[in-house]
């Protein structure tokens, strides 16, 4: 890379937008864990105040006493978290124990990060918002009520989702996608539809970030407490009776504050512990609590409470590949706003970032500037759908603060590699479009070409071997890892952990596939949508008469006569010769359309 041409396109850093200093209303019920009593009682204990945990807590608080335990601090007041300009700095300044983003590197050698702040990954991500694809609902194994799903999306969108304004780079990428055949153009849309579209953003028109934490503003304040800097170390479990073969039940958690003092949070009768600690935290906490594969737990000296062989298995991360160029013109700072949804298994996205240029300390070519220079780097990237390649998670320590060891096995399934090749070829098509001409720079021979930062695409993009090698060499993460507690393996379709009462997992660890172009919208919806299934029981109803509970019956339709929120659909069965409807009826009943929004 030549220093001269790069410095020619370095610009002063643009000023950050002013930030509001007014504290959000949820701060009234957020306290440091040191201020909590040694023991207290709640209806629901939510471990993890992240993308799903915050809307879940806000919704439950309208009928129950809720405790949220968050291992990080609050995002408000953290300058890098509150604006899109701080996105890269948040990831680059991550440290082991204190930063809002906790870094980890998989055994594949790919650096990654997880949220460690109220709001979770929604407080550190690129802010893109797009609903899940239809296949996700069909294949997830979850008992979705799509009416409630849509209500939940809308609730989130009214609070924290905005239409972005496209500027130079994002507009050019939109046009380039259409020139490259990623059509039709769907305009601004939150739905997942093949073609090119503008998605939603959790950054407003001033560049201020809104995260899942802001949904806590819609909680009932006297029913909710949020403890920050609270590291949950294990789930407390007890037998339902002293007899052999009795079921285990979660009765609470043990957490430690930053001074090292332990606290016990206990659930009341009919209460539940809900893990929302993410694809890394939730399986880790199960293992540390003695829930997982018996031989593996025994090898760590962890008492086996419940043998569950697939905890930490089926862990996925969608690989990202792409190219970055130094733009020949000043560009705005933009995170993902436009997406191309192809039919070949790849999604195309883009960003432009103003980053510091670090010159050699003793450069013989240029004088070291008295103030930093900044480069505008524009990026085109692709994410594959799925993926089909899976890995696993295992403990690195019995200290919950230490990241587990993870391996994603990128491209171990050849279908994933084929999809990556399709996506990178589409990036090549975009680079050859007329829309990209303005971003080329003059080369030494009088022509114009892109000035790449990092690897360029192979010249011969028809060569499968070259393209596959590019995918393998440049593989990185788009931070959409998921799994480890997958539905059908660790939890059922109502997110209940197999074999343990009063314990659920509501987060991305339950996903066997990444929803749509970005999981953020689905996780926010999940926190809101999963509530109607809580506190429910199965009953058999025929002609309005209750015949039996916990039978093997079916739901044949939604029927408001019984006030039922239908959560599952299975085959019909006969009960004593009578064809029955299987209802899953929540107590108390939730009508999300009537929940207060403000």
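Cβ atoms here come from the backbone N, Cα and C positions, even for glycine.
Note on residue 117 (FAD binding site): other Cβ atoms within 10 Å of its Cβ, all shown chains, come to 27. According to TrEMBL, the FAD binding site annotation covers 70, 71, 117, 232, 479, 480, 508, 519, 520.
The domain 'Glucose-methanol-choline oxidoreductase N-terminal' feature in TrEMBL is assigned to 278-292. Cβ atoms under 8 Å from those of the domain 'Glucose-methanol-choline oxidoreductase N-terminal' (278-292) belong to residues 47-48, 50, 104, 114-115, 120-121, 232-235, 237, 302-309, 311-312, 315, 393, 395, 398, 400, 403-404, 406, 481-485, 490, 497, 500, 505, 507-509, 511 of the same chain, restricted to positions at least 6 beyond its ends.
Among the features that TrEMBL reports, disulfide bond is placed at 420-471. In the three-state DSSP reading, residue 471 (disulfide bond) counts as helix.
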* Structure fact -> Grouping DSSP H, G, I as helix and E, B as strand, the residues of the domain 'Glucose-methanol-choline oxidoreductase N-terminal' (278-292) number 11 helix, 2 strand, 2 coil
* To do: Count the other Cβ atoms sitting within 10 Å of the Cβ of residue 479 (FAD binding site), across every protein chain shown.
  => 20
* Just jot down the residues in the same chain as residue 520 (FAD binding site), at least 6 apart in sequence, with C-beta under 8 A of its C-beta; none if empty. => 51, 121, 122, 125, 127, 128, 129, 202
* Structure fact -> Same chain, |i - j| six or more, Cβ under 8 Å of residue 471 (disulfide bond); the result in sequence order is 319, 321, 411, 417, 420, 421, 424
* Asked: CB neighbours of residue 70 (FAD binding site) within 10 A?
  -> 32
